[in-house]
Every structure is written in C-alpha cells, then in structure tokens.
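Data block below; observations after.
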Amino acid sequence: MSTTVNVDSLAEYEKSQIKRALELGTVMTVFSFRKSTPERRTVQVIMETRQVAWSKTADKIEGFLDIMEIKEIRPGKNSKDFERAKAVRQKEDCCFTILYGTQFVLSTLSLAADSKEDAVNWLSGLKILHQEAMNASTPTIIESWLRKQIYSVDQTRRNSISLRELKTILPLINFKVSSAKFLKDKFVEIGAHKDELSFEQFHLFYKKLMFEQQKSILDEFKKDSSVFILGNTDRPDASAVYLHDFQRFLIHEQQEHWAQDLNKVRERMTKFIDDTMRETAEPFLFVDEFLTYLFSRENSIWDEKYDAVDMQDMNNPLSHYWISSSHNTYLTGDQLRSESSPEAYIRCLRMGCRCIELDCWDGPDGKPVIYHGWTRTTKIKFDDVVQAIKDHAFVTSSFPVILSIEEHCSVEQQRHMAKAFKEVFGDLLLTKPTEASADQLPSPSQLREKIIIKHKKLGPRGDVDVNMEDKKDEHKQQGELYMWDSIDQKWTRHYCAIADAKLSFSDDIEQTMEEEVPQDIPPTELHFGEKWFHKKVEKRTSAEKLLQEYCMETGGKDGTFLVRESETFPNDYTLSFWRSGRVQHCRIRSTMEGGTLKYYLTDNLTFSSIYALIQHYRETHLRCAEFELRLTDPVPNPNPHESKPWYYDSLSRGEAEDMLMRIPRDGAFLIRKREGSDSYAITFRARGKVKHCRINRDGRHFVLGTSAYFESLVELVSYYEKHSLYRKMRLRYPVTPELLERYNMERDINSLYDVSRMYVDPSEINPSMPQRTVKALYDYKAKRSDELSFCRGALIHNVSKEPGGWWKGDYGTRIQQYFPSNYVEDISTADFEELEKQIIEDNPLGSLCRGILDLNTYNVVKAPQGKNQKSFVFILEPKQQGDPPVEFATDRVEELFEWFQSIREITWKIDTKENNMKYWEKNQSIAIELSDLVVYCKPTSKTKDNLENPDFREIRSFVETKADSIIRQKPVDLLKYNQKGLTRVYPKGQRVDSSNYDPFRLWLCGSQMVALNFQTADKYMQMNHALFSLNGRTGYVLQPESMRTEKYDPMPPESQRKILMTLTVKVLGARHLPKLGRSIACPFVEVEICGAEYDNNKFKTTVVNDNGLSPIWAPTQEKVTFEIYDPNLAFLRFVVYEEDMFSDPNFLAHATYPIKAVKSGFRSVPLKNGYSEDIELASLLVFCEMRPVLESEEELYSSCRQLRRRQEELNNQLFLYDTHQNLRNANRDALVKEFSVNENQLQLYQEKCNKRLREKRVSNSKFYS
C-alpha cells in the first residue's frame, strides 16, 4: 500500500488519535465515474467490524468496504472517478482513492477531504488499520465477523440479536436450521432473555454451534498414535490441552521448530484463550479453543519461510528463472468486447507480474493507443499506461519488469513511444548491457529496478526478423453484426468472425447484457411487481389471515404490511398492517389533481403512484391521532404466479416435454403444478436437452432443491432470469401458446440455433463405450461381500447411480456390486467436455461461438433499399434450395462494404494470401529510436524452430499450440535452449473468452515467460499464483538445479521414473465456506496432485448435505496416499465444490500450493476465491504427511504400477467378451483367472505399502511420548 505518510514513525498515542478521528467520521465529497455530480457524505470507520462506511444520514449506511480487502490507497486525483467532475475544483492534496475488492477488477471509493490535514489523517489511519487487520489473530477476526452479522440486520449497531433475526442470518452464512425448536433450545441453553441474545451470548452460541457440529474431529487425538491423548470432548470445556502437551504436539506432530521456545508456545496459546484469568505462566486451551486453533490461519499448511526473498537465489542468469508473465495485460475481461484499462497494468504489477504486454496501435494526435486490434475492446492512451507502469512497477517487487511490445504503429508514432519510455522511465530504463563482454544474461539482482524493452530490432542492414507465418491469420474480419431473427421478428446483435471460409457468431449480445438494461415501467404500474401488492383479495378476513400467519412465523414486527385493491371503491386501495398484536386497515384514497390521478393516506400529502406512497412510509413514520408507525416487512402475495404466462395449472410432465422440445432454444421454460401434490416443477431447456426440477412448499416458501428458498414463484423466476439455474443457462423464453405458434410457423430457421450442428454427442464418437461408465480415481478395497475392489484407473461399467453416495457397477467378474461414488469420475462427462474443446479448437470465437455458417454454401448480395428498418443490409442466400436465407445488418455503410467484400472474396474463391503479405510488408518499418532501446529481449521468428546455438540476447515467442508441438517432439532440446536463451509462450487466438492453457509442461521444459490471462479466475491462473507465491512473491522463482543437469529429461520414459515421495492426505472438515446463490452449500472436496502427467492424480470426498458453515468428513473419511515422482515440480491442490440440485459441481473455493511449501501434520488450509484472494475465515482442516521413498521401497511401488496397468488391460478385455456375443469365449476363463490372481497380488502390495506408513507413524508417536 502506497501513501505519502510514514506511519511506522508515529508514536502509539498518535496512532490512537488518528484512529479515533476516523471512527468519529469526516464529511467528505464522494466522486464516482457513474455520476456526473459529486455527493457529500459522512465517511467513518466502524472499528468493531473493521469496515469503512459512508452515509447520507446517521441512521442509514449507504455502503461499506472491508479494510482487509483494501489493495491500495492512492493519493491525489489518480482515478477515473475524478474525470467526470473536472469542473469541481478540489485541491490535489485533499483527494485520494481507496481501491478494494476480491476480484481482478477492483472497486474504488474516491474522496476529497475539506482540508489537507483530514486527507493526511485518512491516508495514515487507513494504512495503520490495514496493517492491524492483516495481522489480526483468528479469534479477533471471528469477533469482528460476528459483529458484521449483527449489524447486517440492524444498522443502529445495537448489541443484541433476536431469535427471528438469527433465523434469517443462519441460512445466509450457509447453515440450515433443522427446526424452530433447535434454535429455541439453544437460547434456553445459553440463558437468553425473551428471545434476545446479547453480543456475548451470540458469541457463545456461535462457539457452541461450531463445536457441536465438529467435535468428532477431535477423536483423531484419542488414538494411540497421537503424540498426546485428549480427554472428554462431549462439551467445549469438558477437558483441556495443557502447555507442555501443546508444545509436544507442535514439535512432534506439526514439526514446528520455533516451538522449542516455550515462551513462543505460551504466546501462541494466549491468542486463543477466551478468558484473561487463564492467561498465566501455565495456560491451557479448552477443547473448543484447541479445535479453533486447528482451523486457524496461525496453523496454516503454507510454510511461511517462502514469504521471504532468498537473495542467494537471485544471482543466476535470467534464463534460469520462471518469470510471472501476463498476456494482453490491458484487458479486464474477454478478448473481443471488454474494457481496456491502465488499472489492469497496475493490478498485474502489484500481483507480482514481471512481464507485461503492450498492444500498440496508431492513435489520434500522433500518439499511440493500446487495445486488442480489430475487436471492440476499448482503447486507452499509451502515455497513461507508461506512467502507470512507472508508478507501480516496483511497489511489490524490486526485480526487473519486461515490457513485451506488440507493435502495430507507424514509424512516427514509434518515435513517440521511444521518447515516452526515456522521459518517463528515466534511469529505470535499461538502455545498455550490464556487462559488455558477458556470454549469458544478467541476474535479477543485476537488473534490480530496471525496465527491459522486448521489441523487434533493426539488424546491421536495417532488416527486421519477422516470420510471415506468425501474422497470416491476424488480419481477419470480425466485429458486431445484426442478425434478423425471423421467429422473434427483430434484429439481434452478435459478435461475428470469419475464418477458414466460415462465419462464426456468438450469443445475442443484448441477451447476455439484458440484466443491465432497466425496464421502462410507467410509475402508475410500479407496484404490480412488488411482493407486498396482492391485487384483489376476496375478503377482508383473507387479508387478516395472511398477516396473522406471516407474523406468527416471523415474530410479528410492527409495521408488517400488504396492499390490496379496495373491494368497495374503484381506483382506491387498502393498506393492511400489523400493530400491537393485531391487524389494522387504512384506505388509500385517490383524487384528480391537474388531470393526474394522485393517491394519499392523509389529506395534506399526495403521491403520483401507489409505489411512491408505500416507499415514503417505509422511510418516514405514518402519524395518526392514535399511533405513529413506519412500514417494515412486506407480506408476500402467495399466488402471484397464477397470472403469469409461464405458469400452467394443469399440465402433465409429458405435455411439458413436448412443448419444450418444439422450442430449440436454451433458456425456454415453464412452471407447472404437479399432479396430486402441493408442489410444482420447472421444466426448461439447457444444452439442447429438456430437464425438470421439483419445487416444494415449506410453509409459505417455495423451495428449489433442498435449500433455495423463495417467497413466491415469481421471485424464483425473476432470480433465475438474472442468475444461472443450470450450468450457464438463465431463464429467457417463457413458453406460451404464442411462442409455440411462432416456432411452428418457422421450423426451417431452427437449424441456425441448433448447437448439435456444432457439438457432436459423445456416443457418436465412441459408440462402443457404454454411456454409464466411470473411471476409478483411487484404489478401493471392499469392506463387505457386496462391494467392488478395484485399482486406480479401473473402468467400471453399467453404473447405476444409487442415492446415498454408493453406486452399483460391473468390474471384472463382479456384476452390479457397490462402490463409493467419490472414488470415481464420470468419464462420459469428461469425454464430452474434451470433445467440446476439440471442436472449438480452431474456431475464432472459441467457447463464445453459438453457430457457424459455411460461406462456401452461400452467395452474398446487398439489399439496396435496406430491410426491416435497417439501411445497411446484406443477405447470405443459400446455394441449396429449401434452406432459409440469413440476413445481416451494420450500423455504417463502411462496415457493410468491409463485410460484403470479405465474404465475396471467399464465395468467389479469391486468394487473399498475396494481399496479406503486402499488408504486413508495408507495416514492418521500425523506428531507429525504439530499436536502440532493445538490449536483451530481441524477438526472433525466422529461425525460432531451430533450438540449437541459442543467443542469450534473443527471445523466442511461441503460441501455445506451437509450443505444445515442440514439447511433444523435442522436449529436451527446448529445455537445453532455455538454459541460456529466453522463450515466451502466449495463448492461441481462439481463447477469446480469455481462458488459459495448462502452463505446467512449459514450466517443466524451462520456459521462463508463460503468459496467462491474469483477469481470468481459472485453475491454471491459480497454479500460476501458487508458483509465484514462492520467493517472497517477487515474480521470479529459480528453477530447480536438477533441471540444469546433463541427464535431466522433462518427459522421461516410464522405465526411468522413480517415486521420490509419498504424500498422505485426509480431509477432516471445513469452516465458513462461501455461499453461491440462494441455496445452502452441499460441499465436497477434491484433492489433486498437479504436475507432470505421471504425477497427476486426484481424490474426492463424499458430499455433506446443506452445511457450508461447519461440514465434517471425519471420522469416516479415509486417508489417501499419493505417489509423487518429482516433488520439486508438483502442486497440492484442494478445491471445494458444492453439488447443486442437478448433481453438478460448482466451484466454491480453492487452495493450491507447491508441494515443497507444504507443512506436515494437522493443518488448516486457508481457502481462496477463484482469483486467489483470501475468503474471510474460510478454511479446511486436513491431516498431511510427507515421506521420502527409500531405494529399498521403490521396487514395491514399481510392482504396484505394473499390476495396475495389467488390470486395466484385463478388465477391458473381459468387458469386450461380456458385451459382444460374437467373440469366441475360449480365452475368457484364462483372463478371469489372471484377473483374480493379479487383484489379490495388488491388494497385498498395497497393504504392504500402507503397513510401512503405519509402522513408521506408530513408532514415531511412541518415541515422542
């Protein structure tokens, strides 16, 4: 964090004064790029929750941010928020911006104080508070988190919480309350007064809840193998862990060297003691406090020694390091339409990235711009980017930054680039070699705080080394076009691209962004969509019954209300509300004022709509002679769905399926009442298939799945119109008779939207593979006679997915026997995903593609008069009779000409290769001034496939597909080249969604700059973050010395591989998992070894239903042992998924670590979101044990591997005999016999391996005790 104030020099009393001023609050001006006029707000720090809040009035907070999420505090007017209000004069030294968040794109709070003193106080105070928040102990963070929960239901910051409020909070924090009695019993147990908990009681409730849910984990410390034996764990204070027991646990089980110092152990224990009376020379932890310690970040699996920079490792040549590298750094989203921003450069540099990319194009006023050429990504000023790099390059890391320049500028604008580099960077810019006579690259230490330019360089004769093959596909037609939808009779906007004589198009852009477009609803109709509006209620008593039932369930808050149409007076309404334990009614009258209908409760205050009247009295008290009251909770209308076009009261499942099958668009849906029950079903279309999901009633709520609660079906539909219901599908097309009629009229056009033309069903590719086949992820030994035993990699056929986590299947000679579902993965799903990947491999729109037109089958013509209210239209007319024409439109005549010409060249078979060559020839001039700035990173293309005799001053860039080809053919040659020269690898152009490729094999072959899309939250970016967490997050990680030995082979044959380590993992439990959508999480954990292909392996736990707050897998979860060949180049990865109502996994959180940085013992695994940002208090508890494999044991492990491979072959051969009757069965008996012998031998070998691990552990525990 960067400020102009050195807070470390402040005395403690000065820090306290500053914090007190921030707590009292300051009136400041808030700027936002979304608003043209700045606003005055009171900004203050809420110390109890560690949040910055801003408000217009004292009783209503408008917004807040968590201090722990602050990434930067930037002095001055250095954010785009200030740009819209340039007319407002604010002094530079009074302004500052807080950048915060847990996504790649950060949020901003831009403020202007009234004085420089106030601004300095806030800059200093926020830095102090951020340091304190980042260093806070886990118990302190828990207390702050509990305060947030109380304040979330009442902003007055009272010190208590009611039973009704607690019932509301628990589902929001991922815990399902089993019954109302459960909470009431807990209140009695804690000693609550009148259904109200004080904060201290709420804290006690939390501690009891977490302990009771997870106390079985402590059974691990009652075993003989434990280094100390724990006593009774029935209650949180039933027994204790004493000082010397805790020290023994830390030294022998956790292998913490610092624990030799008893004072440090005492200090660690004191942080977790919830009673100052026990903070003595001989402290002890109650068992619930010990359990909290196990889950805490103080007990993290991460070895904190890697947080420091190892300066001894920073003196090798640059080519010996992996260097954190970004692709198209300026982008904040996809490669086609997203925003470019200097903030993306700042974010990457502050994340430790050391190689960033600048895509430079000619801009106005002779100054370049940066954007992704020939796309709709926004343009940013080159000069702004250079200044941002200068300001932030060395904040996180002092080691060199490489600027990879993608050059598209004219010579004149290149000269401006060179000038800007020299003027802005000054001495930071590297302009000459560090050593004139060197024969290798300099080290990171030698290049400290230097900026290196990677750019084409003029040769001795002024020539440029450029390979035309690299550019041949770059100049292609792409952009936005309108397509005429003859079914909906409207133009829809799509992103389109031409490649290989095919036109690919994306989803309708308006539909992908529709939630951002506000609907234009007349003010007089605004109340129609509100849940408090009940239209006509048959009788006054019916309204009273609704209110009474709602208040009985929720606790009866005064002001609970509903609005209904008046039974007696036309245009009037009735307000019914709850006060002092009974229902009262008020008439909302109407009157004409100046020709406009107005509504009122009191004569002196009228409103233009019912909505405005209700909103007013929800914020302001309604005052009458007898009472004063503000409207609070709305009573939802129980049946608003009955008037909706998507609802069917009497429709069978078969009729619903028939209707959906006639509408070939994903997102089509209807809801129907199920026959003979008080439940409903939603029927929808997704991925070309019709699916159903039951909607149950729970009191007044509608429940989708097991824990997604909605007040009404209307609310359910509204929610899933904005959020994904299944995979990425949102509800889009209500199935109505009118929609069915339109589709029946236009059947031919359906083929355009039929994704099956683009994706092939897996069964068509491999029909011999049964649809219900799974692959074993790990060995399993049967514990009962009706269970299967199998080895890792086994294929289990004819699987029946039974409920309860146990499936049935066929393996070898065992037919329809049980096995645990978490030991396998469904290979039909994996095959389908791989198939999708293969089919979109060469598509210019990648995964965004939703349709393809083969231009060779069409003729292109213009529509001179335009069509359907569009002026610039061209039509693809099919050459084959009977196919429908496809109509396109553009906004400008120039765009129409470009698209028409591009398509006509294809349809007329014009070879454009010569034109492309001329285009690039014309654009290859290099400014001498820019060429002179290139010292070490000179790109070479003409000879880059030749990996012999590397020149350390050159760099070779490969697209991922080319790099993959080199690795398959000559991995050792690439490794040896990288020992002296540099390589940079970047994503293929088809990754328009900014997805990433697997970087591991490239790292394995020594590629230094493996450029990824930092803005994308995916597995490979998470692995990248894990790798560069090493060495103090400098962005430079020294490759293992073994990679530079003569005999090292990155892809060794199987005969040369040796297991060097076994890693045993057991997942015990989790806390505070994040919540997706409306449902309470049903989590499971996938544990994976990521590395070379021969190291890759994974394991899944079972699913825990409806508990994301405190799920456990102990004591039933077994330990899993992974065999690792190369621990220096492998990662341990934990991914937490939730299983949704369709049994699909959805990502919740992850934690990925280089195995060398993993600690042994019972360890907390702090969890991160997709962007590798910490999730408050979220963690796993695991047992982890690493053991080197001795030479004498290698033969045993080798025998296991050979037997596993043979068992896979035998199982597949047996399956062929059993499924193909025409095969001769002469050899079947011999196969069965060999299979049985091998299976027994494999189990024997595996038991020997496990026995050795157990013996070592038991002998160790006896020694320690």
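Placed from the backbone N, Cα and C atoms, the Cβ positions cover glycine too.
Mean pLDDT, taken over the domain 'PH' (20-131), works out to 92 on the 0 to 100 scale. The domain 'PH' annotation in Swiss-Prot covers 20-131 and rests on sequence analysis.
According to Swiss-Prot, the domain 'PI-PLC X-box' annotation covers 312-456, on the basis of sequence analysis.
Note on H327 (active site): other Cβ atoms within 10 Å of its Cβ, all shown chains, come to 26. Under the DSSP three-state reduction, H327 (active site) is assigned to coil, being neither helix nor strand. Annotation comment: Swiss-Prot describes H327 (among others) as active site, evidence class sequence analysis.
Taken from Swiss-Prot, the feature active site covers H372 (among others). Neighbour density for H372 (active site): within 10 A of its CB lie 22 other CB atoms from the protein chains shown.
Sequence annotations record features per position, and here Swiss-Prot assigns domain 'SH2 1' to 532-635 based on sequence analysis.
Residues annotated as domain 'SH2 2' in Swiss-Prot: 646-735.
Annotation source Swiss-Prot lists phosphotyrosine at Y753 (among others).
For Y759 (among others), the entry in Swiss-Prot reads phosphotyrosine.
What Swiss-Prot lists as domain 'SH3' is 769-829.
Annotation source Swiss-Prot lists domain 'PI-PLC Y-box' at 930-1044, citing sequence analysis.
Under the heading domain 'C2', Swiss-Prot lists 1038-1169.
Feature annotation from Swiss-Prot assigns phosphotyrosine to Y1197 (among others); the stated evidence is similarity to another entry.
Annotated phosphotyrosine per Swiss-Prot: Y1217 (among others), in sequence order, evidence recorded as a large-scale study or a structure entry.
Per Swiss-Prot, the feature phosphotyrosine maps to Y1245 (among others); the stated evidence is a large-scale study or a structure entry.
Within the same chain, the domain 'PH' (20-131) packs against the domain 'PI-PLC Y-box' (930-1044): three or more Cβ pairs sit under 8 Å, each pair at least 6 residues apart.
H372 (active site) sits 11 Å from H327 (active site), taking the Cα positions as reference. Each of 312-456, 532-635, 930-1044 was scored by its Cβ pairs under 8 Å to the domain 'SH2 2' (646-735), and the highest score goes to 532-635. Of the candidate ranges 312-456, 532-635, 769-829, 769-829 has the most C-beta pairs within less than 8 angstroms of the domain 'C2' (1038-1169).
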